């Protein structure tokens, strides 16, 4: 075996090293359930986890040339480096956000488990993104899904968390079964599962169309596209808020990137068929999610339908199947990451301090916690696509990608839905600044880790809006060197 091939997997190997280090540190620092004194006194694993993840991100940010390893099972491209870096940044923010929750007495001794499970999920996404073979893709998918199920049910003594975990596991099992059924059809008609070999065997016959339908349905569950979205609101509401934020951004972003990669590589000969399917799924996702979001009272359920709608917008980048669409997708995920995690950071700290998650509970938040209200407003404006915030530019680029690919009607419908989404995002802004509240959320100070996560999200929203040249940078970095 040529061991130099492992150098192409430096990102995965580096992340495995981070996981092992945190695992060992947790063994040395965490008191057992009987309250015994730990061997090494470390107040929190958050700081070591954040430092290690930051080093991991910086070290692996330097690009290489496109390459394959292990007979084509593993593929490396500069674009993959970017999407992995984006996922790393989101994961770091989630780790910072989770610190306040993990300080609770019932979760304090499980800090190490949370970090190891979170990074194990990220590792699975890495393998999924770099897969050059459907077997590698499926292994990565399951490596991401199984720890995620444990994270969703992490608050096992809360009924809602356990229920959400059960629903997520059942949904993951069902979607994996659909995927495997589709992959078996692909193998049966082509005799191979290598991404580079499959286009020569894809003819668009009826069995391959059925294979695509099952594959797309399985991925639709992962991305929360309509009509595969029914689990989303219940799981988002029941899971711990930090886990919900991770599920809504990191998991969705990686799955969308992988879906586009496979559609462009494997199913390129069936482009007319999958574009038609994606056309209607995109319209349904954006429209139905908007209608349901208007009716929500629980803020986490509200963000669930917002996430479904945003998944529809992300599909605008996928449907064109172009380099411009790929760049727009990555940029959109980056902006969505900053805005969505900003909202969830506010929800998380408010929930920890007041146990309130209803939209009406946020009435008058500006009077008691003006900084939190300001950050929430910036994030919601960005999600709505209001200029000059980053969300406006991300929507502009992804709309242009679809428009240049000839999907003019789809872009028009998406624009109408964007106007509709302004209404329900501004409802929360109205609640915070205008609506009176006899029992408002009390004034409180956030812990330092939460402050850092809020600052990072705020800077991301503002900087990505001002420096829209980042979009060109992503494109040059990725396609200037080869995808």
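Think of each number as a place in line: the chain as shown, counted from 1.
Using N, Cα and C of the backbone, Cβ positions are placed for all residues, glycine too.
Residues annotated as transmembrane segment in Swiss-Prot: 11-31 (among others).
What Swiss-Prot records for 45-65 (among others) is transmembrane segment.
Per Swiss-Prot, the feature transmembrane segment maps to 112-132 (among others).
Positions annotated as transmembrane segment by Swiss-Prot: 134-154 (among others). Within the chain carrying the transmembrane segment (134-154), a Cβ under 8 angstroms from the stretch's Cβ atoms is held by residues 73-74, 107, 110, 113-114, 117-118, 120-128, 161-162, 164-166, 168-169, 172, 176, 179-180, 183, 186-187, 193, 195, 222, 235, 238-240, 243, 246-247, 251, 254, 258, 262, all 6 or more beyond its ends.
Taken from Swiss-Prot, the feature transmembrane segment applies to 168-188 (among others).
Here Swiss-Prot flags 209-229 (among others) as transmembrane segment. Same-chain residues lying 6+ beyond the ends of the transmembrane segment (209-229) with a Cβ under 8 Å from its Cβ atoms: 141, 171-172, 174-179, 181-183, 185-186, 189, 251-252, 255-256, 258-259, 262, 267, 270, 273-274, 277, 281, 284-285, 288-289, 304, 307-308, 311-312, 314-315.
Per Swiss-Prot, transmembrane segment is recorded for 253-273 (among others).
Using a Cβ-Cβ cut-off under 8 Å and counting only residues 6 or more beyond its ends in the same chain, the transmembrane segment (274-294) has close neighbours at 212-213, 216, 220, 225-227, 229, 233, 263, 267, 302, 305-306, 308-309, 311-313, 315-316, 318-319, 321, 407, 410, 413-414, 417, 420-421, 423-424, 427. Residues or ranges marked as transmembrane segment in Swiss-Prot: 274-294 (among others).
Residues 223-226, 229, 232-233, 235-237, 244, 248, 252-253, 256, 259-260, 263-264, 268, 271, 275, 278-279, 281-286, 288-290, 292-293, 296, 328-329, 332-333, 336, 340, 343-344, 347, 359, 383, 395, 398-399, 401-402, 404-405, 407, 410-411, 414, 417, 421, 424-425, 428 of the same chain, all 6+ positions outside the transmembrane segment (302-322), place their C-beta atoms under 8 angstroms from a C-beta of that stretch. According to Swiss-Prot, the transmembrane segment annotation covers 302-322 (among others), on the basis of sequence analysis.
Beyond the transmembrane segment (373-393), the same-chain residues lying 6 or more positions past its ends with a Cβ under 8 Å from any Cβ of the stretch are 306, 310, 331, 335-336, 338-340, 342-343, 345-346, 362, 365-366, 418, 421-422, 425-426, 428-429, 432-433, 454, 457-458, 460-466, 468, 471. Annotation comment: Swiss-Prot describes 373-393 (among others) as transmembrane segment.
Look at Swiss-Prot and you will find 396-416 (among others) tagged as transmembrane segment.
Tertiary proximity for the transmembrane segment (454-474) is limited to same-chain residues at least six positions away from its ends with a CB under 8 Å from its CB atoms, namely 82, 92-93, 96, 327-328, 330-331, 334-335, 337-339, 341-342, 345-346, 372, 375, 378-379, 382, 387-394, 397, 446. Taken from Swiss-Prot, the feature transmembrane segment applies to 454-474 (among others).
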Which of 45-65, 112-132, 168-188, 396-416 contacts the transmembrane segment (253-273) most, counting Cβ pairs under 8 Å: 112-132
Chain residues outside the transmembrane segment (396-416) and at least six past its termini with a C-beta under 8 angstroms from it: 279, 282-283, 286-287, 312-314, 316-317, 319-322, 324-325, 327-329, 331-332, 471
